[in-house]
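The structure appears below as structure tokens.
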Amino acid sequence: MVRAKAVTVPSTSLGLPQQHSGVSSVIVKTPFHQVSCCAPVPCTSCCHSRWPSLTESTCSRLFYILLHVGASAVCCLLLSRTVVEKVWGKAQGIQMPSGLCVHLFGHSDCPVLSGSGAVYRICAGTATFHLLQAVLLVHLHSPTSPRAQLHNSFWLLKLLLLLGLCAVAFCIPDEHLFPAWHYIGICGGFTFILLQLVLITAFAHSWNKNWLTGAAQDCSWFLAVLLATLGFYSMAGVGAALLFQHYTHPAGCLLNKMLISLHLCFCGLLSFLSIAPCIRLKQPRSGLLQASVISCYVMYLTFSALSSRPPERVILQGQNHTLCLPGLSKMEPQTPDTSIAVLSAGIMYACVLFACNEASYLAEVFGPLWIVKVYSYEFQKPSLCFCCPETVEAEEGQRTGAARPVDQETPPAPPVQAQHLSYSYSTFHFVFFLASLYVMVTLTNWFSYEGAELEKTFTKGSWATFWVKVASCWACVLLYLGLLLAPFCWSPTQNPQPPMFRGHCHRIILPDKKQPPV
């Protein structure tokens, strides 16, 4: 018999600390001889001796992240021509044994076990694995429900299921897999990009409202807003200068120059609109902090796009030169820099993991319409958690996302049956389903997957990947612009809040609750 003790602990999402009451996590203390990965035993029982503070939800999330990282690493190894040549000694890829091919397909023309075909098949297995769990965990709100064990337990069986789905995908012939799965991957990849843009704009918008709430009461919060704004604008400016230095050349790179200049104009326009009087009349908390965060993200997307485009070749002083890539100096031949590719890929994957974890948390806090509700959330009290509510008051059977100020008295911890999840399990797996498709199409150059190689994807780039990233940058600008102009499309139901800044900054001392105000 497994002995479980329910405790109320803070829940954190990747990169952003959050605390909310009424959210349960289960820590299980189980003797070693009773642990079975095939049984419904949470993963905390396996790692409790080393990390006793890990909760059931956090440990499960780490396990799924490791599975996704491992699958992505296998995709990279099978897509690398250098690895295939050194390990198997075959430049044309790995072939399935002919006898097994005849038994499975009736002919000796087998699917290739490396290259873009292998990436498509592994990602098909991982995407199906997460989609199945997302469907099975829909409308799950209690960590004590039997369905919650599907997410937190049966790890050996789930690993075998994942390997089995990938093996079945390798048995599907190319002509039956690529036509439909390619378009599914494109749609899923674009959906995941839009989800990332929603999260970054919501992050900037909520962070700005959070700290401006404190800036109206205390000069220290105003100073924090000022320093953060200057910091993000400084990073955006330094990034633009480095892009001009390393991704342009006097003899060419006209497209890069136009793109960087256009995106700088976008950042200036968004900054001006954020503090325009007509905008602040509808949104009193609109400010430069959110515009600085978006400007910094736009510069990152510009860097990601420029590092993904094919280089230009021109003849200078009778020699063939490669332009528009980081080089030693303006007068020397510019050659591809693998460190830039590794940095871009690392930031991209960190954003993937952030989106998967943060979306599942917001879905549990605000309910199914979290994409809309997260923008309209009003902070009662400033906090250092940047954008997310510290505490959440969730009623049984209803996910309204109504927040309770942290300074109010909290009721005693509810029984285990009334406690809620720290993040939405179904949304967590569905976003990982989209992330698998996004990784698949990113590694295989989106629309031109034929002959894709890892060395070319992150060093030589492709026009398809370049224009996808440019389009995602423009979509981010349009999304933020729509966020600023949205209040003009309907009449507000409440009176606008008073402006957050007066003629000068001063500290407001609130009267004591026990004494009548003067």
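Quick reminder: no glycine exception, Cβ is built from N, Cα and C everywhere.
A TrEMBL annotation is a machine prediction, not a hand-curated record.
As given in TrEMBL:
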- 62-80: transmembrane segment (TRANSMEM)
- 118-140: transmembrane segment (TRANSMEM)
- 152-170: transmembrane segment (TRANSMEM)
- 182-207: transmembrane segment (TRANSMEM)
- 219-246: transmembrane segment (TRANSMEM)
- 258-276: transmembrane segment (TRANSMEM)
- 338-356: transmembrane segment (TRANSMEM)
- 427-447: transmembrane segment (TRANSMEM)
- 467-490: transmembrane segment (TRANSMEM)
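Same-chain residues lying 6+ beyond the ends of the transmembrane segment (219-246) with a Cβ under 8 Å from its Cβ atoms: 211-213, 256-257, 260, 263-264, 267, 287-289, 292-293, 295-296, 298-300, 302-303, 306, 325-327, 382, 501, 505-507.
Listed stretches 118-140, 182-207, 258-276, 338-356, 427-447 were compared with the transmembrane segment (467-490); the greatest number of C-beta pairs under 8 angstroms is found for 182-207. Per-stretch counts of Cβ pairs under 8 Å to the transmembrane segment (427-447) identify 118-140 as the leading one among 118-140, 152-170, 258-276, 338-356. Sequence-distant contacts of the transmembrane segment (338-356), counting only residues of its own chain at least 6 positions beyond either end whose CB sits under 8 Å from a CB of the stretch, comprise 14-15, 65, 68, 72, 192, 195-196, 199, 300, 303-304, 307-308, 326, 428, 431-432, 435, 438-439, 442, 458-459.
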